[in-house]
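The structure appears right after this line, and notes come after that.
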Amino acid sequence: MTKENVKFAISLSSLRIIHFLINHRIMAVNYKDLGLVNTREMFKRAINGGYAIPAFNFNNMEQLQAIIKASSDLKSPVILQVSKGARNYANATLLRYMSQGAVEYAKELGCKHPEIVVHLDHGDSFETCKSCVDMGFSSVMIDGSSLPYEENIALTKKVVDYAHQFDVTVEGELGVLAGVEDDVVAAESHYTKPEEVIDFVSRTGVDSLAISIGTSHGAYKFTPEQCTRDPKTGRLVPPPLAFDVLDAIMVQLPGFPIVLHGSSSVPQEYVDMINKYGGKLPDAVGIPEEQLRKAAKSAVCKINIDSDSRLAFTAAVRKVLAEKPGEFDPRKYCGPARDLMTELYEHKIKEVLGSDNKLAQLD
Ligand SMILES: O=C(CO)COP(=O)(O)O
Ligand SMILES: O=C[C@H](O)COP(=O)(O)O
Ligand SMILES: [Zn+2]
Ligand SMILES: [Zn+2]
């Protein structure tokens, strides 16, 4: 065995040991020690106050900086959302330390009592959820929505039973969103059945419920055939969300926290910018913001936004690279991307979700 091989074997076994220690909770971290909070109190306040908490996905430093800057400056509680893809892209350990750093950064920005949740988005197995709980996440989603009903209940309950031991809150999902969801391609959405929600919530013990009422993931939420066209602008106008289904769910579960996934509005200005500077996003369409405003006033207390941030980032990067083809310092195009995302997050918080100035302690 060469010296290099020995070194490699040692580092591999120390990684295995660390994973063993985390898995057996010998080295596990609790979110409270990282300065994070779970969703319980903030959801209660959001429902009573008629606003929604932003759940922004992040995969990199610039997105995280922009989210923390916008939420701290506007004194908004915020949910930092990490998908399985984000964990694979950015490394789970790095993400954990970045999230911990986010609390310190918010304080540096002058927000004395930040309320930051680190949440697993679309957890697909008990093991992924457990790993996040053990690594200091304060909230996890277990997405069993593509499973048969009873299997969804069994898996969700297993995650709840584990997470609640550490006061980590859990989001479950009933109903299937249209479009590409995780690895599942649903040709059409299956709205949440209001007659199932009481049974699901009481048997699983979830803290919040993601529902399907016509939203979907990505920048193409509706086909042109599903939309009408605005005669003045020629732009696509999507069909309204199924607020009747939301109302029926709220009758079954009064005051229970409801979550909307797939809630990017796909701002036309970003799509136009991307297309102008060499991109190709024909007929991209999202959820109109007035529908999100309406939802935020109801029991919908968490609204998930990822694609809009991706669009803002891409639009800003394309603009810089198109206008300055000689630029090769990533700070010169990631910086403007960060600024545009900060603007986007501020707009969502203040003008759409209404979560500004809603920290429990505003001093
Ligand atoms: O639901 C989401 C993350 O879980 C994000 O939805 P968008 O693709 O509409 O941003
Ligand atoms: O719901 C999906 C989120 O937008 C996360 O997307 P991702 O799985 O590509 O990270
Ligand atoms: Zn789902
Ligand atoms: Zn989602």
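Glycine is no exception: its Cβ is also placed from the backbone N, Cα and C atoms.
Heads up, TrEMBL stuff is auto-annotated, nobody curated it.
Annotation source TrEMBL lists active site, proton donor at ASP121. Around ASP121 (active site, proton donor), the same-chain residues six or more apart in sequence whose CB sits under 8 Å from its CB are ALA55, ASN57, GLN81, VAL82, SER83, LYS84, ALA86, MET141, ASN304, listed in sequence order.
Summarising the annotation, TrEMBL assigns Zn(2+) 1 binding site to HIS122, HIS217, HIS261. In the three-state DSSP scheme, HIS122 (Zn(2+) 1 binding site) falls into the strand class.
Under the heading Zn(2+) 2 binding site, TrEMBL lists ASP143, GLU173. ASP143 (Zn(2+) 2 binding site) falls outside any helix or strand according to DSSP and counts as coil.
For ligand 2, the neighbouring binding-site residues among ASP143, GLU173, HIS217 are HIS217, by Cβ distance under 6 Å. Only HIS261 of the binding-site residues listed as ASP143, GLU173, HIS261 bring a Cβ under 6 Å of any atom of ligand 4; the order follows the sequence. Close contacts with ligand 3, defined as a Cβ under 6 Å from any of its atoms, occur at ASP143, GLU173 among the recorded positions ASP121, ASP143, GLU173, HIS217. In this structure, HIS217 is the one among the binding-site residues HIS122, HIS217, HIS261 with the smallest number of other Cβ atoms inside 10 Å of its Cβ. In the shown protein chains, 26 other C-beta atoms lie within 10 A of the C-beta of GLU173 (Zn(2+) 2 binding site). Of all the Cβ atoms in the protein chains shown, 25 others lie within 10 Å of the Cβ of ASP143 (Zn(2+) 2 binding site). Taken residue by residue with DSSP, HIS217 (Zn(2+) 1 binding site) is part of neither helix nor strand, so it is coil.
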